[in-house]
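Notes for the one structure printed next.
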Amino acid sequence: MIVQRVVLNSRPGKNGNPVAENFRMEEVYLPDNINEGQVQVRTLYLSVDPYMRCRMNEDTGTDYITPWQLSQVVDGGGIGIIEESKHTNLTKGDFVTSFYWPWQTKVILDGNSLEKVDPQLVDGHLSYFLGAIGMPGLTSLIGIQEKGHITAGSNKTMVVSGAAGACGSVAGQIGHFLGCSRVVGICGTHEKCILLTSELGFDAAINYKKDNVAEQLRESCPAGVDVYFDNVGGNISDTVISQMNENSHIILCGQISQYNKDVPYPPPLSPAIEAIQKERNITRERFLVLNYKDKFEPGILQLSQWFKEGKLKIKETVINGLENMGAAFQSMMTGGNIGKQIVCISEEISL
């Protein structure tokens, strides 16, 4: 059988901006037979995420993710349906997910590398397992639980940068659920600001491209900032940190403004901002959700419950077609998405 796949065509360079042309689509032969323990799956949805920018470099700069290889199939979060199985615990028609799903229309995988998912947890919206009820949602929930030091009724103010993205749009809502009295989002368009306050429960939103961020932050956070969920790094984070209170906490989720630059992760703070951090005893620790695998199952159930109760509002931006993976990635890296950026490969979930 002939199937389509996406491979890494070129690297943008450590300081380069990724473009759609860094990827290319090609056809490949898929064997007709599968071996014991394997399954043949049809890809339904694929995820593009900021961390993938590191995988485009020859050296990712981390020990927990490997680089993509030139002319080899690209992989990441994915959801699919099993079409044929020779694995004892997986049967035809099961929906499965993996963090290392090849960007390919159909693929033969080791069944042990897949996790079965229950469509009832997402009311049939399978793509949510790649977003708010998947790794981004878990990153937001566990990050806030482990590093935010929020308790019910603690009257804390939380600021979220990259607030209209996959993690940020969920993190702000969770901040309220867990006890923050005020949540302020920072994002890059007027449309996103309106969405945050009108649909996602943020108390205020700042457009960093138009507003004076320092001024708007003082207005929106009159009592200062107690918790900062940092998705972007760079100048925005410097501005937020300068308005943080004593003994406050930074949840270091991502640094998308720095991902196209050859700097260590997390990037060091400037001397002036580092001095503020030390003076005010602000904690700033790298947070890696993969270190909390024991919390994944209860976390998914909690996120699903909030969603089913109508409390957790889920936003996603969907592009159709494997041929658009590169365009979707480029768009996500430049803020073209609201909520989770998803690529729909096949919507046909019947066999």
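Numbering starts at 1 and runs along the chain as it is shown here.
Yeah, the Cβs are placed from backbone N, Cα and C, and that goes for glycine too.
Around PHE99 (substrate binding site), the same-chain residues six or more apart in sequence whose CB sits under 8 Å from its CB are GLY76, GLY77, MET135, listed in sequence order. Look at Swiss-Prot and you will find PHE99, TYR100, LEU288, VAL289, LEU290 tagged as substrate binding site.
What Swiss-Prot records for 165-168, LYS192, TYR208, ASN231, 253-259, 287-289, ASN337 is NADP(+) binding site. Reduced to three states, the DSSP call for GLY168 (NADP(+) binding site) is helix. Taking a C-beta cut-off of under 8 angstroms and a sequence separation of 6 or more, GLY168 (NADP(+) binding site) has the following same-chain neighbours: SER140, VAL160, SER161, GLY162, GLY185, CYS187, PHE229, ASN231.
Within 10 Å of the C-beta atom of LEU290 (substrate binding site) sit 12 other C-beta atoms, taking all shown protein chains into account. When Cβ neighbours within 10 Å are tallied across all protein chains shown, the highest count among the binding-site residues LEU288, VAL289 belongs to VAL289. Looking at the residues that bind substrate per the record, PHE99, TYR100, LEU288, VAL289, LEU290, the two CA atoms farthest apart are separated by 17 Å. For the pair formed by LEU290 (substrate binding site) and GLY165 (NADP(+) binding site), distance between Cα atoms is given as 20 Å, rounded to the nearest Å.
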